[in-house]
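Novice: Before I ask anything, let me first share the structure, which is written out below as structure tokens.
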Amino acid sequence: MANVAKKVSWSGRDRDDDEDGRAGETTPLLNGTGPGAAGSGRQLTPSPFLRIGQLSNVDLNEDIHELETEVPRQRPNEIPHNEKLLSLKYESLDYDNSENQLFLEEERRINHAAFRTVEIKRWVICAMIGILTGLVACFIDIVVENLAGLKYRVVKDNIDKFTAKGGLSFSLLLWATLNASVVMVGSLIVAFIEPVAAGSGIPQIKCYLNGVKIPHVVRLKTLVIKVCGVILSVVGGLAVGKEGPMIHSGSVIAAGISQGRSTSLKRDFKIFEYFRRDTEKRDFVSAGAAAGVSAAFGAPVGGVLFSLEEGASFWNQFLTWRIFFASMISTFTLNSVLSVYHGNAWDLSSPGLINFGRFDSEKMGYTIQEIPIFIFMGVVGGILGALFNALNYWLTMFRIRYIHRPCLQVVEAMLVAAVTATVGFVMIYCSRDCQPIQGSSVAYPLQLFCADGEYNSMATAFFNTPEKSVVNLFHDPPGSYNPMTLGMFTLMYFFLACWTYGLTVSAGVFIPSLLIGAAWGRLFGISLSYLTKGSIWADPGKYALMGAAAQLGGIVRMTLSLTVIMMEATGNVTYGFPIMLVLMTAKIVGDYFVEGLYDMHIQLQSVPFLHWEAPVTSHSLTAREVMSTPVTCLRRIERVGTVVDILSDTSSNHNGFPVVESNPDTTQVAGLRGLILRSQLIVLLKHKVFVERANLNLVQRRLKLKDFRDAYPRFPPIQSIHVSQDERECMIDLSEFMNPSPYTVPQEASLPRVFKLFRALGLRHLVVVDNRNEVVGMVTRKDLARYRLGKEGLEELSLAQT
């Protein structure tokens, strides 16, 4: 096992005990290798139940640890971390329905009219997702605009006052203090209340749509902290944007509405109960993510493509339609509310939180000879993006090792806020780039040492929200910026944005990336203009747009969705081809050096993330080599005590159990009959669905699917279910509740074939059988995710409990 004791995770619970409060237990790694596995002697021996497997360990119940009291413990100063690990604490979502007798009976009872009703409910939920996501985006935008405006007015008045009579250091102190105090509040609520709300939330949503259950990621509490956190981060002057977190916010809204209840508020509205399963919930979350993109950029098609490119493993035409509908409703809601707020109710000119403004094709068209220039800009964007990601990688490793206490995380966020204000102030102070105020659209023109009727050009970049700065760089007329100003701004903002991403605050990386790219792109355009003696085609605004696309593509490595988002945000299809070229080039160049930012952070958290395809050199591996063995099996009619013992076994938190027919007196295994989940067994035990051994011909208590849906998603832990000694001797018939047709593969199947089946169908368990249909192993997400293509070829990751 690698040298890792424990690790700070997205959920912020850096404890070495299990999430349901059992401290200090050691859990064996897969394939029986790990502490406690070698000498356990748990091989296939005659026993009341058959143990033919050691499934991957996952948290028994990651959602109930807030009910336990945390035991204070000495925290280490340094947490060792090895990124070549795969964590066993992340569970998979069940995208595959368990087609047991209860499910089939319910489906058969539903007639055509009832199916139509269910379909209408899906459309209603998508409309509600769009409306609420749009309203949340409006709230964030309006509050940020007012609070940031207030802050900049106070600081501007202060600077104007002290410029006249001396003592500008007081202005610097005021600006830095305001920033640090606002960010302190934003960081405190994230670090101490809901750590999973930190960052943009896009890596977490990518994982959720990939089929990984990240604790707390779609809770109402997370949404509240996310919205408040992102407002405070942007108002606090950090190098962040409010667009990325909208994707996470939309996903939380979707997960909450589709379930018709809130576990945070402990309210069940008794609606949409049919959708209380992972299959439906995950589809709605993909609609929420798309609605978030749509609200952020006014790009409904881009939102649909984002969900397709970054997330959902299972896709069909009806789902695409519903997601597009949610995206359209989201951007329309935002547009309507903001138009009314800005006083022109019928204008509908604010389709997204960021509007790049319209690029006029007549004035800013491009010619065929500019294509190589755009490709060169893509190369520069890829290299700068790779540098950004590499620096952020080492910074994140440092944070994981040393800045793992919440109080230290808050102090770091305050330090970054103060440094950002100081750097901005010093650069404005030192800049002598003065431009005439007349005809400019600057919101807060700072005169400082400029002549009357002029303003400091550097101040327009720093003394503004990042969104407004991006639009200024795109649309300000040629000559608005001195090349020295743009060069210094690009350099400083690059390092500030890199330092800021990964802080314990809610913030996105989209807008800072666009701003860095727009600054060096405009600088590139000005240089071209000098070289070509002011040719009409060398418009700095056009190159600012291409630079922004190149920089963002080089950092996040999205291609399809980002091309469409940029096209929709600029309102110009003409630039589609050059934007696509720039993004493709940036991705190819960046991938040569290092992974994209989101993939890198997913890897740093050791999440078992499954990419679209198996590693290209993995055909030599078969299911026999990757499966987990031995597997714990249950008999079709099983003793209650045996079931309780298996579920209570802390050394192996299995979540799926093959059901077999076998003779209890022998070790011989009969063929596979079905698969039953831990959650189903817990519901059966909770409702006492068993009969005495002597009365096996009696009918055991009937359960309905509603009983399982009511317990979803937080099934009680086995420790909370009391089973008396007499009840332990009763028998439980699993025939009605197990899935009688689980997916299976022969043990000779190649890894790419197993991977394709597992990934495309969104499975959680894949049973491996021999030619007699007897269970020989089990493939879970961790078994497939641990194989990946490294620099030296195919490599296998270690597995750790943390």
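Including glycine, each Cβ sits where the backbone N, Cα and C put it.
TrEMBL annotations: computationally assigned, not manually curated.
Pulled the feature table from TrEMBL, pasting it below:
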type	residues	note
DOMAIN	738-796	domain 'CBS'
REGION	1-43	region 'Disordered'
TRANSMEM	123-144	transmembrane segment
TRANSMEM	172-193	transmembrane segment
TRANSMEM	223-241	transmembrane segment
TRANSMEM	284-307	transmembrane segment
TRANSMEM	319-341	transmembrane segment
TRANSMEM	371-395	transmembrane segment
TRANSMEM	484-503	transmembrane segment
TRANSMEM	509-531	transmembrane segment
TRANSMEM	543-567	transmembrane segment
TRANSMEM	573-594	transmembrane segment
Novice: When only pairs 6 or more apart in sequence are counted, do the transmembrane segment (573-594) and the transmembrane segment (371-395) reach 3 or more Cβ pairs under 8 Å?
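Specialist: Per Cβ check, the transmembrane segment (573-594) touches the transmembrane segment (371-395).
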Novice: Have the transmembrane segment (371-395) and the transmembrane segment (172-193) got at least three CB pairs under 8 Å, pairs 6 or more apart in sequence?
Specialist: no
Novice: Are there 3 or more C-beta pairs under 8 Å linking the transmembrane segment (172-193) with the transmembrane segment (223-241), counting only pairs at least 6 apart in sequence?
Specialist: yes
Novice: Going through 172-193, 284-307, 484-503 one by one, which has the most CB pairs that fall under 8 Å from the transmembrane segment (123-144)?
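Specialist: By Cβ pairs under 8 Å, 284-307 leads among 172-193, 284-307, 484-503.
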Novice: Should anything in the same chain at least six residues away from the transmembrane segment (284-307) have a Cβ under 8 Å from its Cβ atoms, list it; otherwise answer none.
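Specialist: Distant Cβ neighbours of the transmembrane segment (284-307) are 125-126, 129-130, 133-134, 136-137, 205, 208-209, 218, 242-244, 246-255, 257-258, 275, 319-320, 322-324, 326-331, 333-335, 350-355, 510, 558, 560-562, 564-565, 567-569.
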Novice: Can you work out which residues elsewhere in the same chain, 6+ from the ends of the transmembrane segment (543-567), have a Cβ less than 8 Å from its Cβ atoms?
Specialist: 293, 297, 299, 301-303, 305-306, 308-310, 356, 359, 374, 377-378, 380-386, 388-389, 470, 473-474, 509-510, 513-522, 524-525, 528, 573, 575-576, 578-580, 582-587, 589-591, 595-599
Novice: In the domain 'CBS' (738-796), how many residues does DSSP call helix, how many strand, and how many coil?
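Specialist: Tallying H, G and I as helix, E and B as strand, the rest coil: 16 helix, 24 strand, 19 coil.
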